[in-house]
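Sharing a structure with you now.
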Amino acid sequence: MGIDIEELKSKINPRLRPIIWRDSDNTLVLLDQRKLPFEETYVELRDPQSTADAIRQMIVRGAPAIGITAAYGMVLAIAHGNASTLDEALNELARARDALNAARPTAQNLFWATERMLSTASNAIHNGSAKSVRELLGVMKREAKAIFDEEFDAELRMGIYGLEKVNDGDTILTQCNAGGLATGTGIGTATAPIRVAHALGIRVSVIAPETRPWLQGARLTVYELMADGIPVTLIADTAVGYVMYRGMVNSVMVGADRILRDGHVYNKIGTFKEAVIAHELGIPFYAIAPSSTFDLRSRVEDVKIEERDPDEVRKIRGVPIAPENVPVFNPVFDVTPPKYVTALITERGIIYPPFDKNVPRVLSVR
Ligand SMILES: CSC[C@H]1O[C@H](OP(=O)(O)O)[C@H](O)[C@@H]1O
């Protein structure tokens, strides 16, 4: 299908833009995703520590969106820092990298983005393209924007590749929010094929589990798809098995926070459950992520699964739903082994098993 990218971009025009860089005063503006869907409010950030706090508090969340936000957090270290020499600037950036990397442990995009920004600064200083702190700021801004633009382009490409897995009339089960709110660009990863299909007039609908405890499905996926006129049905997490058993799901499409070389997929808690049920029922299970989400060095035992505040489980929006002193285990991601993954959809193509051979090949890395 010869798809005109520019025409497609004009048709996919998401209303919600969760990350805005205001160049006039070097300010990072974030849509506060904790308040959705009932309030659309924004926070303004001018330093890396408050940016790290915004990631930790999930004002912004979603692996690619975290990466873009961290990239601009590194820009803020120069834009509003105290460095008067390039050496001081590099030290500020190293401190900013450490503060941002400490915000959340699982999403690979965070570490990929801060390392890319730091190496860009170091290279610019050493190759002479940044001879002053002011020139370095220009380099950093351009690199952060490049990361944003590359993410946007990657999502369009993943949407086009993913079209191969979407038939007219399909219903697609998602998990959490891997939409435009999770990537910062407004398109999404898991929702990219959905948005592209919808833009091309292919009838597709979504079943979105609420995704306890943070309710990204109920509060974010539902909100952003309805805002763009894409049919979506909300279900309780406990209904996932039944809707698949009832034959209501043609495929499962999820995002990812980290994907290993051998195809282990780290994603929102509850993803593994969907993958096992899909495998059992013969329903295709696709993880959709840009190459910036892949971690080709770590093994399963190296990856930290984030555990968050127990009150996220004991309460819903501050209202207790359990005894206040009940012990809680609150892992917010799980890991799906490659045997349950039908294919990985990336901006460089669709990757099929054996992943340990095909991931490096398709991502054209050693
Ligand atoms: C394309 S976003 C990837 C991923 O991030 C979400 O987690 P969180 O909301 O805790 O940042 C979820 O796992 C999405 O699938």
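In case you wondered, yes, glycine gets a Cβ from its N, Cα and C as well.
So TrEMBL says this about it:
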- Asp257: active site, proton donor (ACT_SITE)
- Arg61, Gly62, Ala63, Arg104, Gln216, Asn267, Lys268: substrate binding site (BINDING)
- Cys176: site 'Transition state stabilizer' (SITE)
Going by DSSP, is Asp257 (active site, proton donor) part of a helix, a strand, or coil?
coil
Rounded to a whole number, how many Å is the Cα of Arg104 (substrate binding site) away from the Cα of Asp257 (active site, proton donor)?
11
What does DSSP say about Lys268 (substrate binding site): helix, strand or coil?
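It is in a strand.
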Including all protein chains displayed, how many Cβ atoms other than that of Gly62 (substrate binding site) lie within 10 Å of its Cβ?
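Taking all protein chains shown, Gly62 (substrate binding site) has 30 Cβ neighbours within 10 Å.
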Measuring Cα to Cα, tell me the gap between Asp257 (active site, proton donor) and Ala63 (substrate binding site) in whole angstrom.
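Cα of Asp257 (active site, proton donor) to Cα of Ala63 (substrate binding site) measures 5 Å after rounding.
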If you draw a 10 Å sphere around the Cβ of Asn267 (substrate binding site), how many other Cβ atoms fall inside it, taking every protein chain shown into account?
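There are 28 such Cβ atoms around Asn267 (substrate binding site).
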Looking only at Ala63, Arg104, the binding-site residues on record, which one has the least crowded Cβ, with the fewest other Cβ atoms within 10 Å?
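Comparing Cβ neighbours within 10 Å for the binding-site residues Ala63, Arg104, Arg104 has the fewest.
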